[in-house]
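Reviewing the structure listed below.
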Amino acid sequence: MSLVRGVVDKLAEDARTVAYTPVEVGRDAVYTARSVARGETSPTEPLKSVGATLGALVVVTLLLFPVYWILMSALSGTGGSIYSSGGLHLLPQDPSLKPFLWVVGDLIVPAYAITVNVPFTNLAVVFNTPELVFLDASAYGVDNPSEFKSFFWNSLTVSIPTVIIAMCLIIPASYALSRREFIFRRKVLFTYVLLTQVGGGLGIALLIGLYAVYVQVGLNNSKLALAVYYAATAVPFNTWLLKTYMDGIPTSYEEAAVVDGAPPWRVVTEVILPLSAAGLATVFIFTFLTGWTEFVVAQTLLGTENYTLPVGLYSLVDEYSIPWARFSAFALVFASPLMLVYLFAQRYIEGGLSFSGMEG
Amino acid sequence: MSTASRVATKVGEVPFLDKDDASLLLVLPGLFVFAAFMLFPVLYLVGISFTNARPANLFAGETALDVLTFGQAEFVGLQNYVSTLSDPAFWNSFGVTWLFVATSVTAKITFSIGVALVVTNERVRGKRFMRSLIILPMGLPAIFTVTVWRGIFSSAEFGLANQILRELGFDSVAWLSQRWMSFLSYNVTEMWLAYPFMVIITVSALQDVPKELHEAAMVDGAGYFSRFLHVTLPSIKRPVLFASILTAAASFQAFLIPFVFNQGGPARSNELLVVYGYREAFTFSQYGEGAAISLLAVLFIGAFMWLNVKKGKLADGVSDS
């Protein structure tokens, strides 16, 4: 669990930095003010800094405005207009959580009657599970909630098989590519890296072929077949990523294990795999997100009843009848968990992709 | 022979399987699945492009084995390619695609360098915090970003772009039903979609510019702009070029933005190449022509990438791995 502890440590560090920032800024300001008062610094210098910082803040605000806007639309009862006769409104008007209730809908576990026959008698024991009501949307005046839950279930049943299949294909391959020498090794590596560069967009161009094959074999509208396809597309990039990660583990650990008499499989399960936990987590997140966020192939192959979340989101924007507030709430419920995952994984992902140039 | 090296040979030699080459078996499943689900569709696509496949004849077969004969579609030779290449709509799509690559890449590079310069400026306080804020959109799924931006350019009352225009005293614009206005909206969206990646690369390139160069230029009396032109730009050229090549490939393959915004409309005028092939097949049921168009698109992007890899030496990292 060193991975979890590492994440927690870094979060604590971040929190501390945020908490201390006002103090630091205050000290800085006092220091500058004194130095100006003593006449050591010209008074225009701090003004220039303040101006530049304000300018940068404006740029940041403008860049993130779409995200703010969608959040505001989801919260406002009026459906996302910042413009009205009274001028611009930057805070939601009559804020309400109804759009989110519409997205989530009822959370009710219906009552079941479980019958258990007692053996060798005519007796039967009947259990009635109580109806569990977590959230009753109609009680808040939201009838006819969205299909979010069924989309969510479909996404889950696509993404989980994707992860399992992809992991089974990726881990042995990256271990072999990192630690063993065999024929075609360099060729396989080169192919994978090349596919990493061009792979993504090819999917759409190849979709016609894929669709024709799937329909004729009768695999379209099958979530498992879609999952296998996603796993296949995830193989080159993630194998290469995990292989690069494993390259960073010193071989002396394995040598020590061999000296201690560990059989080969234990070298893998007790040295390599635990040491590459962060790499495995990155690959896990990447493959999961492949299935969770892919739109075009899912939209083409799946039927209405199997729509995943991205396709569901698109089907909402297609309809003029959906109020914008509801669309925004749906989009946010879909995207914000991914954003959180990204925040957590950011350091690892950036470490894995060799451009970690974000330190101050 | 020392103990350490003997152990090292032992590790290299035996552990798992008897012969070294047997390790290939660990790689094969991944390769096989990838080939089955990517390579086979490619071959199939090539096959379809030589037939008059439509849903009526392609899916007419009774059993799964008909997959090998393309259902009951007939071989028509190069007819699909001839009709595609002589179709003005294809050349329109071709032109719009390259125009989009040119405009969007230019926009993305200038915009990202601008943003990166702002968040690395030495006068700005809290740079690090700002940098982690502005790359947040990278964590958003593309379909979210694109649908939200479609809402921004919507002609309905909530459309943010029109609200801002009205606030500034302009008339509202029907963004998605005019050709060049939709083209402009594609560019803006693509810029927002790609800027976190570009900014990350540009910022790390800017941080690698040696301070001494700037100081020397300052001593020589160079102003901010001439320092940017003669010191900063040459130093960040290579990483930015690398990022531009990748982002140009992304622009060439842009599908989500035109498709979600207005299906490449109005009246098919803005269908980028990939959208054109997709729509030809799935909206107008011309599988044969759609396959031909898609293959041509793959050829173009392949040639484009190959040229860039050769020129930009992108594959340098591979040879020593």
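Placement of Cβ uses the backbone N, Cα and C atoms for every residue, glycine included.
Please treat TrEMBL annotations as automatic predictions, because they have not gone through curation.
Taken verbatim from TrEMBL:
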TRANSMEM  A:50-71  transmembrane segment
TRANSMEM  A:151-177  transmembrane segment
DOMAIN    A:152-345  domain 'ABC transmembrane type-1'
TRANSMEM  A:189-212  transmembrane segment
TRANSMEM  A:224-242  transmembrane segment
TRANSMEM  A:271-292  transmembrane segment
TRANSMEM  A:324-345  transmembrane segment
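Among A:50-71, A:151-177, A:324-345, A:151-177 has the largest number of CB pairs under 8 A with the transmembrane segment (A:271-292). Within its own chain, the transmembrane segment (A:151-177) has Cβ neighbours under 8 Å at 185, 188-189, 223-224, 226-228, 230-231, 234-235, 238-243, 245-246, 268, 272-273, 280, 283-284, 287-288, 290-292, 298, 302, 306-309, 311-312, counting only residues six or more beyond its boundaries. Panel annotation: around the transmembrane segment (A:224-242), residues 158-159, 161-162, 165-166, 169-171, 173-174, 177, 189, 191-193, 195-196, 199, 203, 210, 214, 276, 279-280, 282-283, 286-287, 290-291, 294, 297-298, 301-302, 352-353 of the same chain, lying at least six beyond its termini, place a Cβ under 8 Å from a Cβ of the stretch.
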